[in-house]
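Presented below is the structure to which this report refers.
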């Protein structure tokens, strides 16, 4: 590092979850299995939607995007974390750290905007079913998906550039599982209040705005469902939204808790556990939630398994 102690280290050391070797080996096995299930589960969801024409609808188009985001988010963090579990020197180069921050922050923002887009799709499906195909046409769906990816990426690019322009002290130890933005900002040897305000503002725009749009959509959806006369009709409308609402509740809470108020943010250990939740658990839970609670997806699974069983029988004979 330069003698003025005001530049970035060439590499950083990630302290991770534990320094105990046995614990690290156990976590390596657990996280490796979970990551493999994540990749396989989301890949199967995308493949199923691709192969079953009954799932060629806006809802499953957005679900495909969500699965791709989940796999990409996990991949931006988990492989490096797995390597560090078995490494004595847990270093990450400057460029890799910046890239990891950019991709993880960007993909997290994309997911939030996608959840808001999916809530709007459910709103139209429940509240305006007769005009659903007219409103949610292919062009609009493509534009909404592109908006999600662009908005998350632009916000992440700005935050990454601002963060890595901060003058750094000699401390190169990041007390986190990855190059998470708040953990990196703490390395700066200047007042970071303006950076924390910028993080809070971007969080309000990219996290709270989609969350409020989701709430507004579901207020309208619930209001419409309560007006449905038949019990069967209410159950059908509710099941249309149940999977998405479950993911929103799981996804929004801890992210808002972490980023909206940096000054009163949780402890470092809590931040690590929250990051593990989003990098490890959420990507593996999403395909399970949409599979278990969705009749159309379960029907598509049964159809595909039946076709595979028939093909296997023919090959056997």
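Note that the numbers count up from 1, one per residue, in the order the chain is shown.
Placement of Cβ uses the backbone N, Cα and C atoms for every residue, glycine included.
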*Do you know which of 98-120, 121-143 TrEMBL annotates as transmembrane segment?*
98-120
*According to TrEMBL, which listed range is transmembrane segment: 25-48, 145-168?*
25-48
